[in-house]
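Per TrEMBL, these features apply:
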type: BINDING; residues: Glu167, Arg211, Ser359, Arg363; note: L-aspartate binding site
type: BINDING; residues: Arg211, Ala212, Glu213, Arg219, His220, Leu221, Glu356, Gly404, Val405, Glu406, Arg407; note: ATP binding site
type: BINDING; residues: Glu356; note: Mg(2+) 3 binding site
type: BINDING; residues: Glu356, Ser359; note: Mg(2+) 2 binding site
type: DOMAIN; residues: 134-433; note: domain 'Aminoacyl-transfer RNA synthetases class-II family profile'
type: REGION; residues: 189-192; note: region 'Aspartate'
type: SITE; residues: Pro82; note: site 'Important for tRNA non-discrimination'
Amino acid sequence: MENRTHAADVAAGETATVAGWVHEIRDLGGIAFLILRDKTGKLQIKFEKDEMDDDLVETGLGVHRESVVAVTGAVEEEPRAPTGLEMVPDSVDVLAEADPELPLDPSGKVDAELPTRLNNRTLDLRKPEVKAIFEIRAEILRSVREYFRSVGSTEINTPKIVATGTEGGTELFPITYFGKEAFMNQSPQLFKQLMVGSGLERVFEIGPIFRAEEHNTPRHLNEATMIDFESAFVDHHEAMDVCEGTLKAAYEGVAENCQEQLELLGYDDFEAPSDDFPRLTYEEAIERINATGELDTQLVWGDDLSTEAEKALGDDVGGHYFITDWPSEIKPFYIQDYDDDPQLSKGFDLMHPRMELVSGGQREHRYDELVAGFEQQGLDPEQFDYYTRMFKYGMPPHAGWAYGVERLVMTMLDLDNIREAVLFPRDRQRLSP
Ligand code: ATP
Ligand code: AMO
């Protein structure tokens, strides 16, 4: 619609055409109002029944809620209207009639459970506070891309149909690929590493990953979006610097450009973290967790951190923090170990007090050590030949990491369930919409 004006942009004294959804019809007898809603807000359309053409009144007031209409009329100042402006219509076009039985009330007056909301996501996203989550998500991705550009990183896209897994064999979705076994990609890990040995040196990817997680939790999805980073000629500490910078850039972008959305979500004191994130070694982390006294059984060196342990430490630290120097055994084959202590790896995690946000580390770039690592983890290096082969031809020292976008959105906005941060979540029960 060429001549369309958004609700928030109409000005008193002008004639305009607005188009959107019928949010509500309020009939007070002689006078009635159609409240029109579009992506920018709402506008009151006034119908004075005795003074207006009957057909116009019938069309404007006879239409069901959530129908799509275009209205042309004069805009006037009206202090009693919610926005201080109202429109006196000359014409009302019904562009799409809505069924009077709605599966979900987009005005938000009637609450709906999450499954109903997800089954009717289109209607759910007509609610400004739901839409706000996705506007913020888009701002996070915009700020992150801009930050990556500022540190000289090139955006790449890697295959999502692959021959091997990287993050442990059990979480793969198998598919048939012209009669051969193939998988949906769990992580761009091996491809992004191959790129640091290419002329690109420093890369990032924002894309989907697929994990056949059996469990149903508020923080796991079967299809998630990852922000991956990998760079040649950096160690794990330099990679953590970029990781921290990325998170701060995301928060700063949202603080700067999403004021309206944050208000809708009830934040009046949203602040980007400014202090340096503490970097605890794994050993310090378990000591600190044990000292909280929150766990029934004390952790010993070599244990992975349970959800309870992560929570105890998160409460103790009180903000974002890194855990570095993990036991080699609980980190994947591609993470480099310390030469002087092979039990210890150069892997790290970035933690939010509520959960893990990022895994990363310095990578093993030496061919012989890499192949030995495969064997130690019971993997067949032959299967990964497409990857290991390139380590014979000049693979620089490198490090990198990956964020789960939904976990970033979820922790930033304090959402209870990760599904709130995805338009169309994929979980154990949900394959459509
Ligand atoms: P990722 O799987 O990507 O590494 P994550 O946060 O799920 O991210 P895990 O190592 O899988 O990391 O799990 C971290 C902690 O969460 C583990 O200690 C594990 O006990 C706990 N956890 C994993 N799955 C579940 C689950 N289904 N229910 C409760 N806790 C879980
Ligand atoms: P990892 O497996 O820890 O590391 O994944 C990185 C981050 O991705 C997010 N994430 C998920 N989010 C929602 N649902 C899931 N099922 C899910 N799985 C993972 C988490 C997690 O911290 N290749 C390494 C990264 C690297 O070393 O560069 C990897 O995939 O926020």
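A Cβ is built for glycine as well, from the same backbone N, Cα and C atoms used for every other residue.
TrEMBL annotations: computationally assigned, not manually curated.
Overlay of TrEMBL feature records on the structure.
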| residue | record | DSSP class |
| --- | --- | --- |
| Pro82 | site 'Important for tRNA non-discrimination' | coil |
| Glu167 | L-aspartate binding site | coil |
| Arg211 | L-aspartate binding site | coil |
| His220 | ATP binding site | coil |
| Glu356 | ATP binding site | strand |
| Arg363 | L-aspartate binding site | strand |
| Val405 | ATP binding site | helix |
With an 8 Å cut-off on Cβ-Cβ distance and a minimum sequence separation of at least 6, pull the same-chain contacts of Arg363 (L-aspartate binding site), or say none. Gln193, Tyr334, Ile335, Gln336, Pro397, His398, Ala399, Gly400
Which binding-site residues out of Glu167, His220, Glu356, Arg363, Arg407 lie by ligand 2, going by a Cβ under 6 Å? Glu167, His220, Glu356, Arg407
Residues satisfying Cβ distance under 8 Å from Arg407 (ATP binding site), sequence separation of at least 6: Arg219, His352, Met355, Glu356, Leu357, Ile418, Ala421
Neighbourhood of ligand 1 - recorded positions from Pro82, Glu167, Arg211, Arg363, Val405, Arg407 with Cβ under 6 Å: none
Taking just the CA atoms, what is the gap between His220 (ATP binding site) and Arg211 (L-aspartate binding site) in Å? 9
Could you give the Cα-Cα distance between Pro82 (site 'Important for tRNA non-discrimination') and Glu213 (ATP binding site), in whole Å? 47
Between the C-alpha atoms of Arg211 (L-aspartate binding site) and Val405 (ATP binding site), the distance in angstrom, to the nearest integer, is 15
